[in-house]
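Visitor: There's a structure below that I have some questions on.
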């Protein structure tokens, strides 16, 4: 049962726009959230995903502010987080309102051929907006995803890998350091600030039970520090989006006004009134989006976009360079040998202009612009690990196959066979997979693989060449899900132990 502190009711009554009803607000807070997902276009198109899941009893209603976001209804109970398509990164379970900030950041001049090359996500975990921005960037450029909580960094990293993101570097800092360490370094910054979470009451009925105005005031002080740091880290001409999942103006409009008062000659608010059809319903006088739960039947949310019109003085001097960077550029001869191995074993290629680095006996693929950031601060994780060096040759890493084998070809529009045991090589969903070093799996086989089990080649009903072929990829719905060793009678599973799922479905 929903529990709201009476003090919150009194507080929010003073802030609710006159054209909105308090009764409707309370009713909206009592309704369960509509289930929503975002299709991961790094791995599959929205059209193919809809065609794939519709025969499974899914129906889709588009989220108006995200071309790849959908409210979904299912004809049967299904644990979305445990279904194959989620595990392989075809979609992200994401509340519709939280899709707004990346959409706002990548609009107008920020979405064309001059799209931001260097982007900062200052408070990233668990990764919904990070992976959304990576998809909007099509894995190009550099996306630095920062998270202050050590435990949440692990979740962020897992989601980045699951979704096939390769242009990301992870950091673990208090976001307030970025104004000092990365002064005017980014083309775009997203600050989805830590907040009071007043807008989340529809999924957490206790979110407002202990609400106190003093807590709002305290966290607003932190938000002011963070938005100043975000602005300092932004290049002149760049865009800053500030967002929260809370409703109080103290944490929203007041924070943006604080930045304007701090830098009146360098901050320009950009109106989001035309961000999508119907955006004006939530638009404030300043051009911010203050999303109340009853407007779009969603979580409460706040989004503001600002442009940095001029450089501002840095507050502290340039920090000393970080020493002992453990990576070095790989020699061209070794890169060529690695590329030959990847091509011959998996029929995959490194992206054009790939920045390949070495650490001990490990090859890593770095985002192209990352070299400018070497020595500026400590990074938890950079790009993707490609392969280990063996005595004879290489051993590809799982995350490399997921990223490089993101789209091997699908024909989901012709997928009329939903039998999980149907042989993969005769399933029309896999007919367009022409990669000779990839074995398409059906649902039952994919489940076996993700549970860490070897696959008996007899399950292919004679449709698979039983000649041992060594390392190969396996795919499901046209996207790689891992590596096997083709031994003839069985496909030996190479899934990392930490990714093995004991139960599926």
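Every residue, even glycine, has its Cβ placed from backbone N, Cα and C.
The model shown is predicted, which means the values in this text are computed figures rather than measured ones.
Sharing the record's features from Swiss-Prot:
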BINDING   123, 124, 125, 126, 127, 128, 129, 147, 174, 192  S-adenosyl-L-methionine binding site
ACT_SITE  245  active site, nucleophile
REGION    409-437  region 'Disordered'
COMPBIAS  410-435  compositional bias 'Low complexity'
Visitor: Around residue 123 (S-adenosyl-L-methionine binding site), which residues of its chain at least 6 apart sit with Cβ under 8 Å of its Cβ?
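Guide: Expected: 146, 147, 148, 175, 191, 192, 193, 194, 226.
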Visitor: Which whole-number value in Å describes the distance between the Cα atoms of residue 245 (active site, nucleophile) and residue 125 (S-adenosyl-L-methionine binding site)?
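Guide: That separation, Cα to Cα, works out to 14 Å.
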Visitor: Record lists 123, 124, 125, 126, 127, 128, 129, 147, 174, 192 as binding S-adenosyl-L-methionine; longest Cα-Cα distance in Å?
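Guide: Roughly 20 Å, rounded to the nearest whole number.
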Visitor: Can you see whether DSSP assigns the residue listed as 'active site, nucleophile' to helix, strand or coil?
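Guide: The three-state answer is coil.
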Visitor: Reduce the DSSP letter at residue 129 (S-adenosyl-L-methionine binding site) to three states and note it down.
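Guide: In the DSSP reduction, residue 129 (S-adenosyl-L-methionine binding site) maps to helix.
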Visitor: Under 8 Å between C-beta atoms and at least six apart in sequence, can you list the same-chain neighbours of residue 174 (S-adenosyl-L-methionine binding site), or say none if there are none?
Guide: 148
